[in-house]
């Protein structure tokens, strides 16, 4: 059956959008990369036949453009697109956690963000999400503007932490004045997030206030 005859909700792209990539089979993901079928075969049929011919994704990854182009309905352009996607997956796999930045001290955290944040003209509130080895998994800008406890919603911060499977996190924000002395709001936000982290089990390790080539650690100041 041609893809246009499939119910809308059963088409790979629509299922990808609705349920996410993990809900699709290998041949459905390959079909998305191949994009189109022929007059006689749907792209899903071509995808399934391609995987069957080579015996699975691993063998497809090792195939040449010429070998893949021999599959009816594929051609060089589709072969290149598929091999490029598989190569990206291979490269991502080889990027081990050993290459991630490690934060062991407040200085490590400040060095990670200083050059990006010291000259910002507005306050940026950023979270650094870490794994169990204190390696940075993700840097996320929570909001831009004056820091206020009513604006910083723990829900948004911990939602991102769960998404990244973080074990802990560090909050960072800048003072455009260049003076990193923490304000009352800075301290209140820090203590609120620290208490939430204790309940949820994702620890706030520190809150760094960035100035011009200097910073303050609220942990070192005794607020955590």
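Even glycines carry a Cβ here, placed using N, Cα and C.
Swiss-Prot lists 102-224 with the feature domain 'MPN'.
Positions annotated as Zn(2+) binding site by Swiss-Prot: 173, 175, 186. Around the Cβ of residue 173 (Zn(2+) binding site), the number of neighbouring Cβ atoms within 10 Å comes to 27.
Sequence-distant contacts of the motif 'JAMM motif' (173-186) (same chain, six or more residues past either end, CB-CB distance under 8 Å): 117-118, 120-126, 147-149, 207-212, 214-216, 218, 221, 223. What Swiss-Prot lists as motif 'JAMM motif' is 173-186.
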Three-class DSSP secondary structure - residue 175 (Zn(2+) binding site): coil
Average model confidence [pLDDT] within the motif 'JAMM motif' (173-186): 93
Per-state residue totals over the domain 'MPN' (102-224) - DSSP helix, strand, coil: 39 helix, 36 strand, 48 coil
